[in-house]
């Protein structure tokens, strides 16, 4: 749909299906009211009816009665996707700061809008500014923010086919847009000609010379035609440049899709086609954009400076976050209304009463910038929450895949065990049958014998058997008592033998000590004996020496005696004899001394011999004693060892006898108990086997059911892909029809221009004929068409515009819901069977460039992004702001307004609208099919059960969906009723600490004064929460510095900490 010309300023609108998007509004050229002839109005109305009829025939589906806005959601979503990739591709140029790429869709940047004006060549006699055609300004509808999944390698071929089809559609739309712009330009030129002709007739009547009056229109018409031809050529050149640029962007897109790091880019395939359509819109969408590229560049440089690098023909410098022009093209082509002159009512920033004095452009720009910043923050918040949700679902999917693998391995093991147990069960059953048959045979034989025997004999036998039993019992008791007495005697004898053994051991120890003492004394005596033998040998040597000396002395004595005899014979000698006598005296004295010493030595020798004899006798005695003692000790040791061995043998024999008797006593009882235990064990095994067989059959049925659902989903997705291809083909056909219509309109308008030029020449000739009349007649004749013609045209246009305005602002909610449902019918397979689910507005969109639909977890039927968008759309309604800023451009605004007014009574309902929209738990989806099937089947959890590995599995089964979404819903439910708490993710919602304090306040109100807290004191809030949790034994796994200095802490660590709180208080 098209509205009147509006100032170029980014205005954020609250959409009903996604986050808020920014859009550029066309600029307001300075001008005044221009009139339209009744013929042009009739022609335009007929032309719009034809377009509307053709578009409704090709695009309307049965049951949809909404306007063209709701019928063309697919092209709008494809354009929105194409924008995001182009903004990613151009994020490195430096004009706008980019965000950190994480492989998931990044939040959208602030849109940069450019106001444009064009200088129109005027004739010398034109003194008024020209008005712009309102049909050239387009008002795009809000599109959905898509959460696209990364494209898989299987679907690259399908994505390429989609991209080709969409590029064809956009090229056709661009061509139709160029034709439409040419039609609008020709209309404006026609209006200019009429105005100039009216002014020239007035000037000609005022000043009588007719030559100047007739020459001016002719001189003005020729340069106009030339300028039109030149502009047409320039537009064709620009169109060729844009086509080349579009081809280059397509090559970039295919390169990005084929690159290995295309996970982030594949989720936004098709974005590269956005600049072409945006550039077409900026070049051809309105007469403001019809100027030459050089004039546009100069004006942009002077207006915006070096911050905005713009170009008239380059698509790389167009605004990044503007909405997709494809949806607006379809709208203003299929639901075009006749253009009307500019009026004060077309200002979107007027008050609700429609006063002619609207708000100033500065206030409008400030309002738009404030709303843009707010919406961009919300978009970033939603983007991070979706990224967090995607990562959590991916982790849980990988865990579930591992669990499936483990369960399949365990299932195989169970199957093997089942086969083994079945074989053993069959063997036991056969054995039991054989035993039962034998038992029956024996019973039959016993019954036959009983029948054959007489009753008296039977009674005697019974008495004999009873007597035998009593005798056996008495014997067994007597033997038992005997055995007990024997056991007591043996124990007593064993104790005595042990005491004797202990005494013998002590005696042996004492004898060993005495033996050691005697050995020491013997060694000492031996040492003394060796010393005495040495001294004896020395004495013997000295005795031999003395004997030799004695012999020599005897020989000397004999010699001296002979000399004395000779001397005595010679008595009469002289003094010599005297000397000999003295010498004899000396010799005699020495002889006496030697004799004394010899006698002493003989006495000592005798003493030494006596001592030697005495010591040898003692030594012999000691040796005899030692040998005797040794023999006695050895004999005693042998006796003690023999006695100990005998005692040990007796004790072992007695123990063996006791054990044998005990074993014989309790043997039968053990056998009976073993038999009973084996029987019970076999019965338990049989029951367990039957239970495992039932479990395996139920698991098999569950797996078959899952396989059927998956095959059904695949079939429905393929059918939906075929439907989408058919829709694209119909869109191509419609675009071709529109192109043909635009070409026909162009030819008709050119024909009308020639007719008007001929009529203008004819009127100029008539003007020369009636120049002789008076001035008041000519003035009245010229004023009548000027003053009377605008009234019906303005009234008609205003009436039509009001009709279009009402049609835009108040669509039927059921129609919009059914249209959205028809577009995304195959994406809610998990919810199709539920009659109690009423999710009509919050539908999950799908990407037209991805082969599989965008699916969320079954429990998270309303994602945090959609909740945020719903809250952002409900908030203005509850505060009572002006509805003129939101309603004219939103096809589902009335529906959201009604939902917001219904929920206004509950102030805390806006925290979790998904809980209200779901009336019962969702049906089976892809993530929780195995868990729900296991719980409905009534099976006991196995050793790989989710509850054992993670207590959050029970919470996920209670709330449905993934563990992350279940824990998030639990947090929302626990903190419901607390002020300033809005939990939508596990990152930014917990950064100020209020959410943690509120969650812990529900369990520990004495530890946390929640009424005194505010969101500005982050450190206090976090310290209070950590201390309260630590007081009950929950260790703080979060870092205080990370929580304080980052607005978005790590969501996994926050989720782990919240899970610890849940496990402590809830499990």
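Keep in mind that glycine also has a Cβ here, set from the backbone N, Cα and C atoms.
A quick note: this is a predicted structure, and the numbers were derived from the prediction, not measured.
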Which candidate, of 115, 322, 365, 692, Swiss-Prot gives the annotation phosphoserine: 365
Labelled phosphoserine in Swiss-Prot - which residue from 259, 286, 847 would that be? 847
Looking at 192-223, 384-415, which stretch does Swiss-Prot describe as region 'Disordered'? 192-223
So one of 38, 64, 654 should carry the feature phosphoserine according to Swiss-Prot; which one? 38
Which residue from 355, 360 is recorded in Swiss-Prot as phosphoserine? 360
From 16, 76, 923, the annotation phosphoserine in Swiss-Prot is attached to 76
Modified residues: 368, 424 - member with fewest neighbouring CB atoms within 10 Å: 424
Residue 368 (phosphoserine) sits from residue 424 (phosphoserine) (Cα to Cα, rounded, in Å) at a distance of 81
Using DSSP, how many residues of the domain 'Calponin-homology (CH)' (961-1066) fall into helix, strand and coil, respectively? 62 helix, 0 strand, 44 coil
